[in-house]
């Protein structure tokens with residue numbers, strides 16, 4: 001733990017952090033370990049299955065499923081950034097994570113979580129073009145356009161992650177190294193930072209709030225046009241099919257942005273760490289686990305592809 005002299009006093013900077021995680025005895029930790037492990041296994045299997053099914057089935061090689069495959073990949077990655085370390089810490093006596101390890105975990109979590117938000121916005125735009133301008137859809141959402149939109153989502157995520165990571169980890173952590181959380185995140189890190197964190201809190205609420213509000217406006221406008229178009233349709237079958245597809249997406253959007261808003265885009269987030277841990281479990285494990293179920297159970301094409309994959313596997 002090196003020291004840094006400044007005038008008449010010396011500040012000590014910690015090289016390691018301690019992730020305090022959840023309180024409780026051995027039985028509580030064992031129960032939490034089992035819950036986390038079960039959620040993580042379902043998350044990995046569900047999202048891997050979605051990626052494999054979309055990749056192998058030629059009928060699913062369309063822009064909508066191309067965009068759907070990317071959130072599955074992101075969900076798989078950002079759960080994997082957090083959960084394995086959390087599982088190891090349940091039975092660890094030290095629960096130590098290095099400064100470099102904490103920085104890396106924070107960077108990739110911020111990158112992937114922000115990217116998922118942008119991808120949900122891209123998916124709403126895709127549905128808007130497909131339903132409201134079906135004749136222009138093949139040219140508007142060509143392969144190069146889809147690739148650019150996805151790359152734009154990753155670039156937006158990278159920008160937010162670079163800003164948040166650089167500002168957060170330039171703070172001096174010399175008052176405590178005990179993070180009241182099960183992974184490295186902005187609110188608990190700001191709690192243990194030494195000095196004035198007003199700029200960091202402004203960045204957290206400002207950037208995250210701006211991203212959430214901007215994407216919410218894009219999604220609401222897209223779905224406003226979609227609803228108007230659906231109401232003008234004469235075919236009941238067409239309406240039901242569109243409502244089924246769009247309903248899945250809106251469910252995922254509501255779950256994801258709702259939890260992020262509670263955690264990052266309102267001022268009380270910094271103080272309520274115990275509540276924050278529960279919310280964090282929801283968006284780091286529960287939502288990534290639910291997304292494959294949300295998209296597959298309400299999508300006939302995906303269910304048919306899963307059925308064919310199962311038949312092919314059983315025939316081997």
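We number each residue from 1, going along the chain as drawn.
Cβ atoms here come from the backbone N, Cα and C positions, even for glycine.
Remember, TrEMBL labels are computer predictions, not curated facts.
Looking up the ranges 30-56, 57-83 in TrEMBL, the one annotated as transmembrane segment turns out to be 30-56. Confidence annotation: the domain 'G-protein coupled receptors family 1 profile' (46-295) carries a mean pLDDT of 86 in the model.
Panel annotation: around the transmembrane segment (278-297), residues 36, 39-40, 42-43, 46-47, 49-50, 68, 71-72, 75-76, 78-79, 82-83, 109, 113, 181-183, 185, 248, 251-252, 255-256, 259-260, 262-263, 303, 306 of the same chain, lying at least six beyond its termini, place a Cβ under 8 Å from a Cβ of the stretch. Sequence-distant contacts of the transmembrane segment (96-115) (same chain, at least 6 residues past either end, Cβ-Cβ under 8 Å): 14-19, 74, 77-78, 81-82, 85, 153-154, 156-158, 160-162, 164-165, 168-169, 179, 183-186, 189, 211, 260, 283-284.
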